[in-house]
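Participant: Input: one structure, supplied below.
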Amino acid sequence: MGLSDQEWQQVLTIWGKVEADLAGHGHAVLMRLFQDHPETLDRFEKFKGLKTPDQMKGSEDLKKHGVTVLTQLGKILKQKGNHEAELKPLAQTHATKHKIPVKYLEFISEVIIKVIAEKHSADFGADSQAAMKKALELFRNDMASKYKEFGFQG
């Protein structure tokens, strides 16, 4: 299920545009995640008070966490599938501390694709979207495998 060199190039090219505004993209991703999948908000103690889009928009903590999420994902994507060193500590905290189900990783993957498509429609066509979906699926599958190693069925 690996990606070709061309697919990785497509992923990393669009990711460069994401990195140009990590705060904006990260904030948009988390806002959309919590709006589309409100059950995910329960996993974030410090964000539970954010009930409305306006509250989410004004939250500096949410913005900061969005940067953290996309920074970590970017480090993993840049490894082009050879991401064991980056993935293991992330999987460990998500499995043992935060207890984030794999289903929620699917949700955020879908949201990431939507947000990138909205912000960069001219640069994120069908081929790039397919490559990104594949890269995020690889990430999720590897996270799920690591979860099992840590005794979390997710």
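Glycine residues also receive a Cβ, built from the backbone N, Cα and C atoms like all the rest.
Owing to the predicted nature of the structure, the values given are computational and were not obtained by experimental measurement.
Here's the feature list from Swiss-Prot:
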| type | residues | note |
| --- | --- | --- |
| DOMAIN | 2-148 | domain 'Globin' |
| BINDING | HIS65 | O2 binding site |
| BINDING | HIS65 | nitrite binding site |
| BINDING | HIS94 | heme b binding site |
Participant: Do you know offhand how many angstrom separate HIS94 (heme b binding site) and HIS65 (O2 binding site) by C-alpha?
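Facilitator: With the alpha carbons as reference points, the distance is 14 Å.
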Participant: Using DSSP, break the domain 'Globin' (2-148) down into helix, strand and coil residues and give each count.
Facilitator: 120 helix, 0 strand, 27 coil
Participant: Return the count of C-beta atoms lying within 10 angstroms of the C-beta of HIS65 (O2 binding site), excluding that atom itself.
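Facilitator: HIS65 (O2 binding site): 17 neighbouring Cβ atoms within 10 Å.
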